[in-house]
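Copied over from TrEMBL, here are the features:
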DOMAIN    37-95  domain 'Chromo'
DOMAIN    179-237  domain 'Pre-SET'
BINDING   CYS181, CYS192, CYS219, CYS223  Zn(2+) 2 binding site
BINDING   CYS181, CYS183, CYS186, CYS191  Zn(2+) 1 binding site
BINDING   CYS186, CYS219, CYS225, CYS229  Zn(2+) 3 binding site
DOMAIN    240-363  domain 'SET'
BINDING   ARG251, GLY252, TRP253, ASN320, HIS321, TYR362, LYS390  S-adenosyl-L-methionine binding site
BINDING   CYS323, CYS389, CYS391, CYS396  Zn(2+) 4 binding site
DOMAIN    385-401  domain 'Post-SET'
Amino acid sequence: AWYVPCLASLETLQELCRKENLRCKSIGITNRSLKSYEVEYLCDYKVEEGTEYYLVKWKGWPESSNTWEPQKNLKCPLLLQNFLSDKNEYLSRVKEGKALKVRNHVKALKPAVADYIVRKAKQRIALQRWKEELNRKKNHRGMILVENTVDLEGPPLDFYYINEYKPAPGINVINGITTGCECSDCPAEKCCPKEAGFILAYNKKKKLKIQPGLPIYECNSFCRCGPDCPNRIVQKGTQYSLCIFRTNNGRGWGVKTLQKIKTNSFVMEYVGEVITSEEAERRGQLYDNQGNTYLFDLDYDSDEFTVDAARYGNVSHFVNHSCDPNLQVFNVFIDNLDLRLPRIALFSTRTIKAGEELTFDYQMKGSIDLTSDSADGLSPSRKRIRTVCKCGAVCCRGYLN
């Protein structure tokens with residue numbers, strides 16, 4: 001037997017079972033729990049004959065089962081707090097005074113207010129589920145949080161979290177390396193970077209010490225050194241807790257750090273689908289029309305391949321551009337020494353405070369900063385439509401490309 005993951009949430013499946021009066025032990029619908037009730041969110045509010053009532057959406061029950069309940073019966077202080085907060089937020093945005101209207105001696109919320117509260121509650125649940133999904137799929141230590149206090153946008157519908165490159169058919173991102181360093185205490189004279197003709201990228205504090213443009217060669221799975229080797233940094237993944245948040249200036253989602261990040265620290269990898277430059281050209285035309293920028297040329301040695309993080313990626317998918325960024329791009333080689341296929345690592349260029357947004361320059365190519373005046377250095381997918389930059393930096397170039 002084989003199985004495929006169900007796209008419906010547990011609550012949705014429970015709603016279907018209860019609607020059809022079915023039992024399903026695997027999702028928690030038994031004879032005992034078939035009639036169990038738990039408040040999922042509050043939909044509406046009214047005052048009738050001096051008693052306050054809330055319209056309740058019951059968890060695992062269809063909306064047709066919603067009921068009006070007196071406030072004294074509700075044991076959900078957080079949901080009550082969310083309800084009042086959402087109501088006040090809506091009223092402050094539309095600059096309305098009273099939220100209640102009187103009809104047939106019953107005070108009730110205006111339909112527009114109740115509709116906003118329900119949409120906000122559904123968004124909150126969707127973002128919570130997305131956060132849980134992201135943290136299930138990640139393979140690094142740092143946690144991922146999700147936050148939207150700006151609008152009603154929910155999780156992206158066509159984005160799939162991955163932890164490493166997803167190669168297109170015919171592309172091999174692992175070149176079958178079968179040798180590693182013999183060091184018992186890296187770095188030694190014959191450690192991986194020196195074998196490749198470069199210096200060790202990190203100092204004793206595991207911070208970057210090389211200049212932009214130089215490659216990073218880390219110890220690989222065939223090296224004698226263990227996991228505590230000072231030359232194993234990028235391969236351990238993100239160590240910081242990060243938050244995907246909705247920006248308030250029209251830049252969509254962004255990423256901020258929840259912890260202080262010191263200068264020259266590894267922050268995250270940029271991952272996605274590895275495709276050919278020809279395929280990148282075709283997709284680039286579509287992305288330009290949508291105003292999106294997710295293509296990253298792997299041009300350390302040649303222009304054969306591109307990383308596309310539009311549908312498949314990690315937290316870096318949501319990192320915004322800045323003409324004055326706090327992250328710098330470096331090419332990294334670990335288990336694949338093919339110069340056409342480096343891993344892309346983002347390191348901090350300065351100390352980044354907790355709560356500060358993370359950004360990198362979309363035109364960064366190692367030590368070369370391709371400004372809008374150097375279009376000859378850009379791939380064809382970057383030349384077609386110029387996207388206005390909204391980074392707000394003093395040195396803003398005006399365009400993303």
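The backbone N, Cα and C atoms fix where each Cβ goes, glycine too.
The structure displayed is predicted, hence computed values, not measured ones.
Outside the domain 'Post-SET' (385-401), and at least 6 residues removed from its termini, the chain residues within Cβ reach (under 8 Å) are 249-251, 288-289, 291, 293, 320-324, 359, 362-363, 371-372, 378. When the binding-site residues TRP253, TYR362 are compared by the number of other CB atoms within 10 angstroms of each CB, TRP253 has the fewest.
Between the two most distant C-alpha atoms of the annotated S-adenosyl-L-methionine binders (ARG251, GLY252, TRP253, ASN320, HIS321, TYR362, LYS390) there are 16 Å. Within 10 Å of the Cβ of CYS219 (Zn(2+) 2 binding site) there are 25 other Cβ atoms, across all protein chains. Across the domain 'Chromo' (37-95), mean pLDDT in this model comes to 93.
The number of other Cβ atoms within 10 Å of the Cβ belonging to CYS186 (Zn(2+) 1 binding site), over all protein chains shown, comes to 22. Remark: ASN320 (S-adenosyl-L-methionine binding site) has THR247, ARG251, GLY252, GLY254, VAL255, GLU357, THR359, CYS391 as non-local neighbours, by Cβ distance under 8 Å and separation of at least 6 in sequence. Using Cα positions, the member of the binding-site residues CYS183, HIS321, TYR362, LYS390, CYS396 nearest to CYS223 (Zn(2+) 2 binding site) is identified as CYS183. Surrounding the centroid of the Cβ atoms of ARG251, GLY252, TRP253, ASN320, HIS321, TYR362, LYS390, where the record places S-adenosyl-L-methionine, the chain contributes additional residues within 8 Å, namely THR247, GLY254, VAL319, THR359, CYS391. In the structure as shown, the Cβ atom of HIS321 (S-adenosyl-L-methionine binding site) sits within 10 Å of 20 other Cβ atoms.
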